[in-house]
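Colleague: Have a look at the structure that comes next, please.
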Amino acid sequence: MSFAELLDHVGGMGRFQIIYAILLAIPVFMMASHNLLQNFTAATSEHHCHVHININNTPYTNLTGNNQQPEKCHRFVSTQWQLLDSNATVTNLTELETDSCADGWVYDKSTFTSTIITEWDLVCDSRQLKQMAQSIYMAGILAGGIVFGGLSDRFGRRSLVIWCYLQMAVTGTCTAFSPSFTAYCIFRFLTGMAFSGIVLNGVSLSVEWTPTRTRAIVGTMYGYCYTTGQFILAGVAYAIRSWRWLQLVVSLPYFICFSYSWWFAESARWLVIAGRPDQAVKQLKRVARINRKKEEGDKLNIEVRLDLREKEIASAKSSYTFIDLVRTPVIRRISFSLCFVWFSTSFAYYGLAMDLQNFGVNIFLILLVFGAVDFPAKFISILTISFIGRRFTQALALILAGLAILANIFVPQDLKTLRTVLAVFGKGCLAASFTCVYLYTSELYPTVIRQTGLGLSNTMARLGSIIAPLVKMLEEYIPFLPLIIYGAAPIISGIAATFLPETLNVPLPETIEDVETRLVESIGRQEQ
């Protein structure tokens with residue numbers, strides 16, 4: 001009896017699986033809040049040099065432009081009283097001597113009462129620290145994927161996800177009370193690590209307890225939960241304009257997740273691979289009881305235990321490492337193709353999603369629009385995933401996203417609406433790509449290296465998200481160069497996705513040999 005048959009034997013997609021899926025989905029609602037949080041906690045407000053004389057458009061402040069607005073990073077060295085005379089004519093302001101804002105800055109607090117920008121003066125010469133803080137958070141997600149991906153294959157999914165809930169709650173709360181920018185970055189790094197652990201282990205627990213026929217639906221549900229989280233973030237950020245309170249509000253719910261996560265059942269698939277078939281049978285009996293299939297659960301007798309033990313002996317004779325992701329030809333092709341897909345999806349996604357202020361419209365509104373496009377995008381993706389296939393969906397979503405981003409190169413800057421529409425369409429395609437690739441990756445890798453494979457995938461995604469803001473800086477030299485790079489990457493990866501095996505209606509592979517054998521059998525059927 002295969003494990004898929006065992007799941008059907010104890011209830012299939014029964015009450016246990018539904019409760020499990022819901023409990024795993026609750027934390028996902030707040031994940032968008034942490035990923036996109038710096039759009040609000042690090043929003044850059046209008047600012048100019050602070051001066052001691054309390055006069056509007058004080059002569060100490062350097063004025064620039066036709067409307068003579070206060071200059072953001074410089075002030076006059078000496079008092080320029082003539083600038084207060086509306087009838088006076090000043091021919092060349094650039095000839096007047098200026099220096100930096102030695103007394104700090106004055107910020108426009110009409111939109112946000114406080115941000116990390118206003119609290120630690122991350123403007124002018126320090127403006128790049130804003131992007132560094134986001135990159136540090138993404139580096140934390142990268143580190144979390146490497147650390148927690150390998151640990152969960154060794155120590156189990158359940159214990160790691162429980163720990164990550166606690167770490168997310170504690171470090172997120174500590175971030176809200178950070179006394180300095182350095183402490184803020186440290187806590188954000190640790191929060192990013194926890195985020196990665198929650199995603200990796202939550203996906204694995206869900207996939208490994210869900211029957212084959214309903215995996216796509218459950219995976220898409222998680223995608224919609226993340227999308228709904230963007231609406232939650234927009235609403236909470238609109239109501240709470242102080243960055244410390246906002247950070248606290250999006251972090252405290254993880255204490256609740258930690259409190260109920262002790263109910264979680266360890267993956268029976270992993271228990272078999274880890275050499276614990278007796279515990280695997282115990283978990284299956286628990287599932288059968290919750291699914292009101294107690295009699296079927298009681299029939300999991302010694303023969304089933306021996307069958308599971310044989311599978312364990314056959315598949316877990318040696319320990320598995322990252323080398324196993326490239327050791328055999330089919331797994332190697334899967335790993336290389338998925339590296340392209342994960343990198344480009346994250347790279348292009350965060351290139352768009354972390355630059356909301358530059359769209360020139362209300363930041364709360366644009367986040368709502370960015371979230372709203374996910375609903376039709378993911379609905380279409382679930383249809384294509386379920387009826388056409390994972391490979392088609394993955395390739396098409398990436399190629400369309402790249403084309404939409406490249407199209408913006410030819411749209412004039414003053415056509416903000418059209419530029420926003422193209423960006424929103426591209427973001428929707430990338431969201432569909434994310435929905436597909438999480439499920440697809442979990443189905444492509446066998447149980448023995450599934451978390452290791454997800455860890456590698458997560459690593460590539462985080463590299464993309466770290467590099468994305470650095471590419472944005474290239475527009476100072478060639479304005480359209482970032483769009484070329486953001487658009488080309490998904491197109492190339494969409495082509496790479498066509499080399500992946502199809503997994504529609506295919507049971508989860510347990511061993512590396514299962515993956516290698518299936519491709520050979522598939523090629524044989526095609527030749528016939």
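A Cβ is built for glycine as well, from the same backbone N, Cα and C atoms used for every other residue.
Nobody curates TrEMBL annotations by hand; they come from automatic prediction.
Copying in the features that TrEMBL gives for the protein in this structure:
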- 12-32: transmembrane segment (TRANSMEM)
- 83-505: domain 'Major facilitator superfamily (MFS) profile' (DOMAIN)
- 135-153: transmembrane segment (TRANSMEM)
- 186-209: transmembrane segment (TRANSMEM)
- 221-240: transmembrane segment (TRANSMEM)
- 246-265: transmembrane segment (TRANSMEM)
- 334-353: transmembrane segment (TRANSMEM)
- 359-380: transmembrane segment (TRANSMEM)
- 392-411: transmembrane segment (TRANSMEM)
- 417-440: transmembrane segment (TRANSMEM)
- 477-500: transmembrane segment (TRANSMEM)
Colleague: What stretch of 221-240, 246-265, 392-411 shows the most Cβ pairs under 8 Å to the transmembrane segment (359-380)?
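Modeller: Stretch with maximum Cβ contacts: 221-240.
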Colleague: So which of 221-240, 246-265, 392-411, 417-440 is most in touch with the transmembrane segment (477-500), counting Cβ pairs under 8 Å?
Modeller: 392-411
Colleague: Among the recorded stretches 12-32, 186-209, 246-265, 392-411, 417-440, which has the greatest number of Cβ pairs closer than 8 Å to the transmembrane segment (221-240)?
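Modeller: Out of the listed stretches, 12-32 contacts the transmembrane segment (221-240) most.
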